[in-house]
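Visitor: Take this structure, written in structure tokens, and hold onto it; I'll ask about it next.
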Amino acid sequence: MSEIAEEMRQRPDRGDVATYIPELARADRQAFGIAVIDNAGQIAAAGDCETLFSAQSITKVFTLTLALGMVGDRLWRRVGREPSGNPFNSIVQLELEKGVPRNPFINAGAIAVTDVILSGHQPREALGEILRFMRELAEDPTIAIDEAVAASEKRTGFRNVALANFMKSYGVLDNPVDFTLGVYFHHCAIAMSCRQLAMAGRYLAHEGRNPATGFLVISPERARRINAIMLTCGHYDGSGEFAYRVGLPGKSGVGGGILAIAPGKASIAVWSPGLDAAGNSHLGRIALETLTKRMGWSIFGD
Ligand code: GLN
């Protein structure tokens, strides 16, 4: 990990930090962190692996897990599971598909999933549920929401407001749009380090089980399927390129983090705030490509 962190530090190409959420524009472009937790629970980490960053869309893996636990396969009436081939905040397919988003990882899909979690709860309770789940998975009660990021996104999230209203017009959302968006903006604003994220992702590398406690987070079948959706949709219109280069299920966020899963082997988190054209971490992807190549971890073989 130290070798990879050093190689990344020396590269001149870094991508650009997201600026459409003003608070994210403050991130340090030079930062790079990586943390890997293997089957036996051993942690290897390097660089800025303890620095907190905005998890953003990576939290969509955990809201999908929660929602599947709550309503089971009925969730798939609200959201599809096909790659979109479009940017994460695109609205075009919603009209063609009657307000049902393509998959749970594009913004529209994640907003629909959040709406399912919210049903029957107050927004504060739903958010508490999501946060509790993340803390439990990461075995870290200090994980919290960065209120400045949440407020920043709420102030400027006009596109997400449009997506949510569009879905609401088709009856895809059950709750008041501002309640659903409030929970969505806040869960995207959860701040985590690479180490915490890698800890939280362990169940996906171990057939749904927390390997340390043996606790079954989700059935092996669901874990396998979440990994499949991460592989096909986790990087939006960059998912094909990520599968081609890295060969692991992965989920990115505009904060520059990526959670990647080597099934049966390891849970991996990388962070570098500079993004590529599709809004995925530029160095994060390159670091993962380097790692999977050296370890022979691609799910498609050595
Ligand atoms: N909160 C961000 C948004 O809604 C999440 C996007 C992302 O991480 N790709 O735009």
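Backbone N, Cα and C atoms are what each Cβ position is placed from, and that goes for glycine too.
Annotated substrate binding site per TrEMBL: SER57, ASN107, GLU153, ASN160, TYR184, TYR236, VAL254, in sequence order.
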Visitor: List, in residue order, those binding-site residues out of SER57, TYR184, TYR236 with a Cβ under 6 Å from any atom belonging to ligand 1.
Guide: SER57
Visitor: Please name the residue among the binding-site residues ASN107, GLU153, TYR184 whose C-beta has the most neighbouring C-beta atoms within 10 angstroms.
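Guide: Sorting the candidates by Cβ neighbours within 10 Å, the top entry is TYR184.
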Visitor: Looking only at DSSP and grouping its letters into three states, which state does TYR184 (substrate binding site) belong to?
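Guide: DSSP assigns TYR184 (substrate binding site) to helix.
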Visitor: Tell me the coarse DSSP state (helix, strand, coil) of VAL254 (substrate binding site).
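Guide: Its secondary structure by DSSP: coil.
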Visitor: The record lists SER57, ASN107, GLU153, ASN160, TYR184, TYR236, VAL254 as binding substrate. What's the largest Cα to Cα distance among them, in Å, rounded to a whole number?
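Guide: Max Cα-Cα spread across the substrate binders: 20 Å.
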Visitor: Going along the chain, which residues six or more apart from VAL254 (substrate binding site) have their CB under 8 A from its CB?
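Guide: VAL254 (substrate binding site) has long-range Cβ partners ALA18, ILE21, LEU24, SER54, GLN56, SER57, PHE88, LEU275, GLY279.
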